[in-house]
Amino acid sequence: MKHLLLSSVLLLLLLPDAVRGQKSCDALKRGDNSYNCCNTTVNPEEEGRVNGNLSAECKELWQASNLACRCLREKTYRFLQSASFSGGEKIAGLKALLVNISRAILHDVVFSFSPSEGPKRINSTDKGNTSKIQLPRELFQSMRNRTAQVVVMVLNIKQLFIFKETSWTQHILDNTVVGITVRDTRVAGLRDPVRLTFTHGQLPHSMSPQCVFWDPSKGQGGDWDTSGCVTQHRDKRTVCSCDHLTFFTLLLSPTLDRSTAQTLMVIANVGCGVAVAFSVFSIVFYIFLRCTYKKFKSDETIQINMALHMNLISSLFLLNLTFLFNNWISITRQPELCKGLGGFTHYCLLCCFTWMALEGCHLYLLFVKVLGTYIRHYLVKLCIVGWGFPALVVIVAGSIGSYGKYNLQNVDDQPIMSLCFIKYEHVMVHYITNCGYFGLIFLFNTVIFGVVAWKNYHLQSTRAVKENRKAWKVGLMAVGLFCLLGATWALAFLTYGNAFVPLRYLFAILNSLQGLFIFIWLVVLYSPKKEETTGSSSHIIRNDKTTTVSQD
């Protein structure tokens, strides 16, 4: 998709008077917005020279809601892109070099650059270890004019705020952006690409360099893009080969290397196998209670609690079993089977999340909302929501072709592993239906858990006669309940970035063993032998009779 849009992106990027590049200034003309930014008045009608030092002194430029700042940022960008300033002009955070190149040149033009020294022209035979820019002679031989004015710029994004800084999981190498322009000429579609060599130290295996360029038409005010650039990572340098001229940089992003991904997969497979086994044990334990535990048959609250837990355990069983099959089917050449398995995997995952939410809702009705509540066909309604709502989501996602093989790749586009799940082209479906959905559920369940824990502590502290409880059992009850509400899944939000690789292992271990944790929790909580000493958390689940539900 990015390659299909390459021509239009380059046109918008490289033409100084591109219409899209002035969208904020045009909006500023039409509206009644403030014209002030960086303690100066922005005139959207005025073109030409701008005060470059404004962008070096004002972090306010990246306030996307301020049209004046967005207009000023676009005007500054077009000013730099047009290279209409002299080489001796002083702009904080910018080092520039203006060179005249003859059309009759017979060899490539090479520049060296560094964050501290700025650009300078060197011989093409120079074998130094500095960062370099190599412009192909084809670029100049195709010019109409006899002489081309080439401007090479080295910018520091910490001093020149027209470029957006990356997220906290990514960073720009040495905070350096390199700009290359030819005055009065748009350069794109080069057969012999421009080569930029960024030198750096040995990068960690979990950090991947990627060549990017600035696209002012992307998002609100521009963003980094990779179209038209190829990244070649070597030992202590990275070569960027791009078919156009603009502003480039090297973006360092955290990624999984092959060995880490394979280790995590082994851990996940073992954990899923254990989870499947203990999910079966939990179901057997449930059947055992129904057949032998007299109080189970007479206490409707326990019946509903256990039925709710069994639905969650059943969804975990299906999810873990599907994941084990996924590893085998994803490597086969059966796209329709992979598509179906991807949809079913997504369905099982959503069922787990939904039943975790229903556990939280039930806990709220059972312990927080102490007023009498009668819900007819309670379990039936829970099952309709727990198993039916995810089916609707999957049907909608499947109708737009969201499912298929998802390939996890490194920066060189080499596959590390593959799964039958939501395709990369529909990654927004994953962010909305998985990350967003679970995020809301986890916030709700965390609040419920906190309220229940506080009420239970207050209740126990005011009792005339306190129960003789063991501290470890009370702690186990609390941990098991929090696990039941999805605490292990929340670790997924902490696994981004190179510094959090250990958390990826922790997530793979704890999350795949959720079935084991729930089994232990159920046995300790509902074991008929010592039901009188099941601890304060068992009081939360079993001793509150105020809320009334009905299975009839």
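Every residue, even glycine, has its Cβ placed from backbone N, Cα and C.
Keep in mind it's a predicted model, so treat the numbers as computed, not measured.
The feature domain 'GAIN-B' is assigned by TrEMBL to 111-258. The domain 'G-protein coupled receptors family 2 profile 2' annotation in TrEMBL covers 264-526. Residues annotated as signal peptide in TrEMBL: 1-21. What TrEMBL records for 264-289, 310-329, 344-367, 379-400, 431-454, 474-497, 503-526 is transmembrane segment.
For the transmembrane segment (431-454), same-chain residues at least 6 beyond its ends with a Cβ under 8 Å from one of its own Cβ atoms are 346, 349-350, 353-354, 356-357, 359-360, 363-364, 367-368, 393, 397, 422, 478, 481-482, 485-487, 489-490, 492-493, 540.
Residues 301, 304-305, 308-309, 311-312, 315-316, 318-319, 322-323, 326, 373, 375, 382, 385-387, 389-391, 393-394, 397, 403, 419-422, 433-434, 437-438, 441, 444-445, 448-449, 452, 455-456, 481, 484-486, 489, 540-541, 544, 547, 549 of the same chain lie 6 or more positions beyond the ends of the transmembrane segment (344-367) yet place their CB under 8 Å from a CB of it. Confidence across the domain 'GAIN-B' (111-258), taken as the mean pLDDT and rounded to a whole number, stands at 83. Here the transmembrane segment (310-329) has Cβ contacts under 8 Å with residues 265, 268-269, 272-273, 275-276, 279-280, 282-283, 286, 337-338, 341, 344-345, 348-349, 351-352, 355-356, 358-359, 382-383, 386-387, 419-421, 484, 512, 514-515, 518 of the same chain, all six or more residues outside its ends. In terms of DSSP secondary structure, the domain 'GAIN-B' (111-258) contains 9 helix, 70 strand, 69 coil. Residues 256, 296, 306, 309-310, 313-314, 316-317, 320-321, 323-324, 327, 417, 504-505, 508-509, 511-516, 518-519, 522-523, 526, 528 of the same chain sit 6 or more residues outside the transmembrane segment (264-289) yet have a Cβ under 8 Å from a Cβ within it.
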